[in-house]
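Chemist: This is the structure I want to talk about, given as structure tokens.
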């Protein structure tokens, strides 16, 4: 059946239908609805965070579920709007005249295309370059930025929420006199309730009741309340706002305002838009101008999206998933989404966890979420206008507060302080300049360390004696590769060893060295000649044959090679000159540096000794 | 005598005077004059290459000699104008209205300051990042660009020579009908004579003469002619041009034109200038505008200058020199030079070789060169106007032609083809876009490889048996460090090994692994948990205690650690579950993969097997 195989190949999700039982369907339905109740308030809130009208959050929440069900492979993953991507999108939505959605949708399309390119070019591995400290610095900074951006909504301050941490802080503290009591009270209460309901999951009330059925009922209810807490709080706040505002003349809460009802248009994303100029004029932005405005976001946003998705599928699916297939599923979610007015989407960690906890069995669960979101767009939209902004801000704040990770600082401080630096750079620069720059600088710091490690291998240097008492200097690089940036270091290390320990044959122990490049080989060649001029022979010990080959090819020198230090004697006896030389320099040997047995030796670490760097 | 010590510390060159004999002085004088005869025509030519009037080449040629004598430590190094720096300077000298020298002098000052900063911050090691293939690609591209830029002078075409390879080629081939016969003849003849005279050094004519004195005389004469060939050719060409042009109405050669006589003004470099606007208007450039025009040159030019200087002092002085002291000497040559209207200077390899061959004994030789250059500026300048441009172009072309290095391609092709790529990128992009961009991209390619190596360590995987026949999978990373970009690779490598070899305990051999970071440790932690879920135990073998510490701190897991594969049995017997698991999976073992002895094993290289990259 090649047609069926082709179908499975193109839409691997079809295989979920194979043997899909009623039980599976019920489980997926329950999980789908639970996730839906989470994504509804989150979607409205994240769209506002992104600087868009609330309905765009819902437009972004239904395509991912269907596409992922068809293409994805990890049942827990739910794709949709996330706080992080909303924040990154918000950089491009503040130009007025309805250019916001156009930019967001174009960014969604481009992200999908870039992700597809990453899948085709196998560039998904780029996320490997983001180390854990950088990830933590990045998500923590994002959480802080998002949290501050929600302070306005929470305090009832008018004006859009920006992605610029410093300006937001200034604006909030400059307007503290305009704080509205109603919004603050509602917002803070909502946050407290949300945090308490979150804790509720851990409470074991049910054990005190005897009947098994009652136990199940109680714990089930608690679980539903705890999991659906966002929807619950938003519902209660909306009812409260509705009833209060109907009675009073001035409403004590800032409300979300009209949410456009109905499904989004299925249409090609727009490739031009108009923005508001400085003097209130309209400026037409063509495709090129739009691309130049999006700039690095077109690369960084997809990488962050992939990073998020990889983290989730790793957490729930283990190493068995095909990263390429995941990448294609994410990419198609964005591309198809862009045709339904979606902003950029990726896997949401919090909703995937809800999905997992709700007992989802196949990615088809995502389809039920999508149906729920579409129903809400069609039927519930008129009621969304009563949602107080403070309640939505509370939903976001109580979600992102747990993204700030202090707990990695302690183990890092205790066992690898150096790694605090890239994390700190990422965190501080994300707050000060922007999350994209912060991330790039953090990765840059990590890469600089990798290059530094390659350039400054630890060399252990020891002055030893063969069984017959011939002194020699043993240099052992504690690194498996000697590449171009390291060879000067090795050269100067050997020079310093000679000036400290006195003249003696030099043995370079290559047992652990696997890789050698042309620059390093040439450098070894000139070192060999330089030492030969000073009557110091240079030997390679236990060198791999590849190393011998590259040395021979690039320098035309046959390096004398030995297998053990004792081979040194035969070679030195053949070269009478060297022996003479050795007898002359013998008095220079410092006694405390003489060791018979290399294994009991405590070598001088040249990385300390060799501090000048060049 | 602390005052004397202080003097020596500040001006280490003073120690050359200590015991400076008449013989030393004579040797230095001869070498100094020989270098002077080389730098005179080169200086005039390189100034023209840089887009400046010829006298600026001479202004640049005398400060370096004096400063280096006071501060430097390698007797052969001669600092002055070079083709490479002239080319890089020429990018900023084409804006008209006398802004050229202002830019060149400011660039000289800034280069000096940046070099001083590099000395203070110990950043001289940055040149270690430039690998040999990149150096070769860079100098070869420079030679090609300089060579083409001199085609105009050689062919008698009017118009300035630019640093833009493609435009120069277009301009030359578009104007072939304007080629002047006189200039071409003179130019090509000069090149042929220069190349022949260069070869002369190798000719052993003297051996055919009997008398020792005659032998010495002949070989001495040959040496002087060969070494002073540039001055000689320029002199002969000038005499020819003078006599021809006096007789004929139209001169068949384009001449250099008036060279301003006299010493340069000693003055502060100017920090503003005026350039020619598009409509012939004057535009004032303030300091900020000038800095923005110089842009990346302010960093790249000093790095190239340091690279050149390091290469020379390495070639002649060996590893014994203090790189910081050399850097300070170079920096001060530029800073002091900028006060005497110098363009950026660095060590010249060709003139240093002449210096070496002329038997220089101390850096004081440079002072004699400086005196000669000053004399030429005062006395000879009126005669320089008769130098035909074609002859100067011939001097440059015959100098740079040997900078094109084909000979590294063969050994690279034979033993390390991968390294051809950064070299090729540097060469092609230098020609296509510019030498600075070319160099940066080449270094970028090299750094990307270092990161790739860190991210994709070679894993050797083998299915083995203990003495009592318990199967296990041995994973041995052939790399001394496992950092953040590698851990996903190791995880997926282990997954693949399990799916190929069937389920069995996994032993990670850490004997060669010295370095581990937090991300890698956390990754190992989740791998451990993931494998534990599938009932696969993970053991570390021969792990260094630092690795155990970081794993414990970051994951809170006590990794079971063994010293030899046979320890496996005791540990497995303690855990009964695993043994059961092993018996079940035993039939899965492929017989050809069972090896008793790890040393006779041919492991699967996971770098091939694991090709998908993520």
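Just so it is clear, glycine is given a Cβ too, placed from its N, Cα and C backbone atoms.
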Chemist: Which residue range, A:2-19, A:56-73, is the one TrEMBL calls transmembrane segment?
Modeler: A:56-73
Chemist: From A:345-364, A:365-384, A:465-484, A:485-504, which range did TrEMBL mark with transmembrane segment?
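Modeler: Transmembrane segment, as annotated by TrEMBL, spans A:365-384.
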Chemist: With the ranges A:255-287, A:420-452 to choose from, which does TrEMBL describe as transmembrane segment?
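Modeler: Residues A:420-452 are the ones TrEMBL records as transmembrane segment.
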Chemist: Identify the transmembrane segment range according to TrEMBL, selecting from A:160-178, A:179-197.
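Modeler: Feature transmembrane segment in TrEMBL: residues A:179-197.
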Chemist: Can you say which of A:294-312, A:313-331 is given as transmembrane segment in TrEMBL?
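Modeler: That would be A:294-312, the stretch labelled transmembrane segment in TrEMBL.
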Chemist: Do the transmembrane segment (A:126-147) and the transmembrane segment (A:294-312) share at least 3 Cβ pairs under 8 Å, sequence separation 6 or more?
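Modeler: These two segments touch.
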Chemist: The transmembrane segment (A:29-49): which same-chain residues, six or more beyond its ends, come within Cβ distance under 8 Å?
Modeler: 55-58, 60-61, 65, 78, 80-83, 86-87, 90, 146, 149-150, 153, 161, 224, 227-228, 230-231, 233-234, 256, 259, 343, 348, 350-351, 354-355, 358-361, 365-369, 371-373, 376, 380, 384, 387, 389, 392-393, 395-396, 399
Chemist: Taking residues 6+ outside the transmembrane segment (A:390-408), which of them lie with a CB under 8 Å of any CB in it?
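Modeler: Sequence-remote neighbours of the transmembrane segment (A:390-408) are 41-42, 44-46, 48-49, 83, 132-133, 136, 139-140, 142-144, 146-147, 150-154, 156, 183-184, 186-188, 190-191, 194-195, 198, 230, 233-234, 237-238, 253-254, 256, 350, 423.
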Chemist: At a Cβ cut-off of 8 Å, and with pairs 6 or more apart in sequence only, do we get at least 3 pairs between the transmembrane segment (A:56-73) and the transmembrane segment (A:420-452), yes or no?
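Modeler: Stretch pair does not touch.
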Chemist: Given the transmembrane segment (A:294-312), which of the listed stretches A:93-114, A:217-242, A:420-452 has the most Cβ pairs that are under 8 Å apart from it?
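Modeler: Comparing A:93-114, A:217-242, A:420-452 against the transmembrane segment (A:294-312), the winner is A:93-114.
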